[in-house]
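Report on one structure; see the data block that follows.
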Amino acid sequence: VSISFTTSALTLQVYMFLVKWNDLTEKLVYRRFTEIYEFHKALKEMFPIESGDINAENRIIPHLPAPKWFDGQRSTQSRQGTLAEYCYALVNLPHKISRCLHVVNFFKVRPDDMSPVTDSQIKKPEVFLLPKDAKKNASDITGPIILQTYRAIADYEKSSKSEMALKAGDMVDIVEKSESGWWFCQLKNKRGWVPAAYLEPMDGPDESEEQEPNYAGERYVVQKSYTAVEEDELTLTEGDTIEVIHKLLDGWWVVRKDESTGYYPSMYLQRSGEANTPEKSELRNRSIPPRRSTIRNAKSIHKQSRKQISQETYRRNSRKYIQSRRNMKANLQNKANIISEKNEQEENKSKAQPAVPPRPSKDLIMNRCTESTRRKIM
């Protein structure tokens, strides 16, 4: 397989690749930086010798670049080229690496690629393009994108290679905020996933980022079972259909099942009607992030935060909403019944037969009818 690339930074997290295959077809695919990062780490694990894990001198797998558009507010000292250069180096590796299924599958067209990022989602000051001959004319992408900076409110010990350990007070740049409650961060030359519950913004409480409760609810399907540990959590089984009524940043959403409400890990849920993907399945194998309410730090600069809503309030408002919805349905049904009755009455009127006049008396017939008619009654 022969692949050539044109790369573009479309948004803060999404990059476009123009992939040319050996049958001369050209396909556009869109990949988040976090996907590229996970792909790179997996590739190194598949080829430990070629990645230099055993002997640094044997490394031929390129380093994942740390280009300027991920520098955030603090510039780093080292430059390792552009993302395009990484891709060109990758496809020129020996065939056992460059043509392995891991590489080929990464650049195959996915269903999500058929619905690319729209113009309204592109942040114009953050659009950068690389020419196809970027390998010949190597140039850095300019104008660092300003990432949000957050502070770690407590120490965090990572539990997997894809995560990043933090010390209280560390300032990290946020590359991607996932609804799962895991955020992809960078700290100097380190990158990895960190629970959102351990982070607070530098410029004020993050209440504005958190949505208000939606008691109408969005239908989701449980993709993985979970047994409640705390009293305010719900125990659900794979395949259950529920309604999400409050999406919280730490990845623990408030959901409604019949008359019950409670917290449930968002990474185990999937919007009703959405297709499952390998990426979503892989996400569910990651550990559940801690809830924000479990992280305690008296030194946190943000004393104020959203007033926590009790489950009783969620249930009470849910009941009110459901009752109002039932009343609305009942009113609509009554109106429909009244209209139906009126239509039925009108229809019956239109179908009514003319009244049969009474039979004339014998005297009337004898006085007014013809001789032939009079004979019939005699």
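A Cβ is built for glycine as well, from the same backbone N, Cα and C atoms used for every other residue.
Bear in mind that TrEMBL entries carry predicted annotations, made automatically and left uncurated.
As the structure is a computational prediction, the values presented were derived from the model and not from experiment.
The compositional bias 'Basic and acidic residues' feature in TrEMBL is assigned to 341-350. Marked as domain 'PX' by TrEMBL: 1-114. Marked as domain 'SH3' by TrEMBL: 145-204, 215-274. Annotation source TrEMBL lists region 'Disordered' at 272-291, 298-318, 339-378.
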Same-chain residues at least 6 beyond the ends of the region 'Disordered' (272-291) whose Cβ lies under 8 Å from its Cβ atoms: 35, 110-112, 159-160, 162, 180-182, 193, 195-198, 219-221, 223-224, 226, 241, 250-252, 263, 265
Averaged pLDDT score, the domain 'SH3' (215-274): 94
Secondary structure composition of the domain 'SH3' (215-274) [DSSP: H/G/I, E/B, coil]: 3 helix, 29 strand, 28 coil
Helix-strand-coil residue split for the domain 'SH3' (145-204), DSSP-based: 3 helix, 30 strand, 27 coil
